[in-house]
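*Asks:* Let me begin by handing over the structure; questions about it come next.
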């Protein structure tokens, strides 16, 4: 009986203390090459923890897939980048996560590297608010 109570308390602690994979507000920096500066945009993305494990013995017959907190559903929003030249396309479309889950990192749509550029990277010197 004591082990059941201990297990129950551990599960309650984990649910309260450990953030699971969920939507969160972030600020990203976007740039248009034609406009030569960056702007900051508030959007929604997925963040949190997913249960994972790294086995000591690697079984080649069973792939070791690490799960990450990633989007399940996306919507796209478009913003007009101010100050672009008249002939330049001043519209920028960016993803907004609407639902999250723990799953395999899809390198076709996500930067799965350990050290990516980060959401505030700008290749130009000038930032506009």
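Using N, Cα and C of the backbone, Cβ positions are placed for all residues, glycine too.
Reproduced below are the annotations present in Swiss-Prot:
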- 21-69: disulfide bond (DISULFID)
- 35-84: disulfide bond (DISULFID)
- 38-122: disulfide bond (DISULFID)
- 46-100: disulfide bond (DISULFID)
- 50-102: disulfide bond (DISULFID)
- 105-112: disulfide bond (DISULFID)
- 25: N-linked glycosylation site (CARBOHYD)
- 42: N-linked glycosylation site (CARBOHYD)
- 1-20: signal peptide (SIGNAL)
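Tell me what's around each of these sites.
*Replies:* In the three-state DSSP scheme, residue 69 (disulfide bond) falls into the strand class.
When secondary structure is read from DSSP and collapsed to three states, residue 84 (disulfide bond) falls in the coil class.
Using a 10 Å radius centred on the Cβ of residue 38 (disulfide bond) and all shown protein chains, the other Cβ atoms total 21.
The Cβ neighbour count for residue 46 (disulfide bond), using a 10 Å radius and every protein chain shown, is 21.
Around the Cβ of residue 102 (disulfide bond), a 10 Å sphere holds 17 further Cβ atoms from the protein chains shown.
In sequence order, 68, 105, 106 are the residues near residue 112 (disulfide bond), counting only same-chain partners six or more apart with C-beta under 8 A. In the three-state DSSP reading, residue 112 (disulfide bond) counts as coil.
Classification of residue 25 (N-linked glycosylation site) by DSSP places it within a strand.
Taking Cβ-Cβ distances under 8 Å and a sequence separation of 6 or more, the neighbours of residue 42 (N-linked glycosylation site) in its chain are 25, 26, 27.
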*Asks:* With every protein chain in view, what's the tally of Cβ atoms within 10 Å of the Cβ of residue 50 (disulfide bond), excluding that atom itself?
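*Replies:* 15, counting other Cβ atoms within 10 Å of residue 50 (disulfide bond).
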*Asks:* Is residue 122 (disulfide bond) helix, strand or coil when read with DSSP?
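*Replies:* Looking at the DSSP assignment, residue 122 (disulfide bond) belongs to neither helix nor strand, so coil.
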*Asks:* Are any of 21, 46, 84 (the disulfide-bonded residues) within 10 Å of residue 38 (disulfide bond) when you go C-alpha to C-alpha, and if so which?
*Replies:* none
*Asks:* What residues, ordered by sequence, lie under 8 A Cβ-to-Cβ from residue 122 (disulfide bond) and sit at least six positions away in the same chain?
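*Replies:* Same-chain residues close to residue 122 (disulfide bond) (Cβ under 8 Å, separated by 6 or more) are 29, 31, 38.
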*Asks:* Cα within 10 Å of residue 21 (disulfide bond) is the criterion; apply it to the disulfide-bonded residues 35, 46, 84 and give the hits in sequence order.
*Replies:* 46
